[in-house]
Amino acid sequence: MARILDGKATAAEIKAEVAAGIEELEAAGRSVRLDVVLVGDDPASATYVGGKEADASQVGMASRVHRFPAGVTQQRLTDLVDELNHDPAVSGFIVQLPLPEGLDPLPLISRIRPEKDVDGLNPESAGRLSMGLPSLMPCTPHGIIQLLRRHDLPLEGREAVVLGRSNLVGKPMAQLLLRENATVTVCHSRTRGLAEVASRADILIVASGQREMVGAEHVKEGAVVVDVGIHRKQEGGLAGDVRFDEVEPKASAITPVPGGVGPMTRAMLLHNALQAARATLA
Ligand SMILES: Nc1nc(=O)c2c([nH]1)NC[C@@H]1CN(c3ccc(C(=O)N[C@@H](CCC(=O)O)C(=O)O)cc3)C=[N+]21
């Protein structure tokens, strides 16, 4: 039986640390505010953003959501990014993804000042991460590192396999694992012999975006398995990228969906907002 890596409990620990950090800043007469730009009416995005607002209020962080209809112009969003970049009351902000059809996220994300890029997704943040320079780190990969570290699961010298190469998760995940001195392999949809490659992993991070694609044949006995996927089932409830029931007996530790990586992502966003506020001299 695998250890279940409880992201909800670990996120609660991090949130308590963030709450203490906010109190400390406020005692020094400074404040923390996290803003979210939300465009369109994608129900999943609305759920996540609602969660972020609730998280912020829970740790005593101010937050504001800037909502726009799907038909908003690129220029209007560009103007908002500029405004938030310059507003000293805003510690950091994110543009919730995906944007509706017809809007281009990259110029917007690239325009966010790196100091306020609490998603850690702009090209300067990504470049700094890859060079080992200080930067705000992408929330999901950083949350996974924290989850492993806080469960005393070592990475140094271990074989880590990342399944997925997105800019949001796979690529920054590989960079952070490298920084932890893991031996890192990145697999993707064109990888040949995927099950064989994945089975080398001491730590397998699954961020393929394909519902329940990873099974027992991809997992070495005793591996640590982290499931980044989140899929809404027709019959209700959530599924991951991993076939949990099949993999859990083989793994030594595994994250559940829900209650694994998702809550860690949200906790790290709060952590980044606090970091951003600390770095601001105001
Ligand atoms: N700019 C941007 N940054 C993001 O970080 C970002 C984004 N856009 N767009 C969408 C994805 C997805 N994402 C999740 C965050 C938390 C949960 C989460 O808390 N999940 C709960 C379940 C919540 C539920 O019931 O839906 C769990 O896994 O336990 C899930 C997914 C952040 N994303």
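Just so you know, glycine gets a Cβ as well, placed from its N, Cα and C.
SER166 (NADP(+) binding site) carries neither a helix nor a strand DSSP state and counts as coil. The NADP(+) binding site annotation in TrEMBL covers GLY164, ARG165, SER166, ILE230.
Annotation source TrEMBL lists domain 'Tetrahydrofolate dehydrogenase/cyclohydrolase catalytic' at 5-119. Model confidence over the domain 'Tetrahydrofolate dehydrogenase/cyclohydrolase catalytic' (5-119) stands at 97, taken as the mean pLDDT rounded to a whole number.
The domain 'Tetrahydrofolate dehydrogenase/cyclohydrolase NAD(P)-binding' annotation in TrEMBL covers 138-279.
Among the residues the record lists as binding NADP(+), namely GLY164, ARG165, SER166, ILE230, the two farthest apart have Cα atoms separated by 16 Å. Checking the binding-site residues GLY164, ARG165, SER166, ILE230 against ligand 1, the ones whose Cβ sits under 6 Å from it are ILE230.
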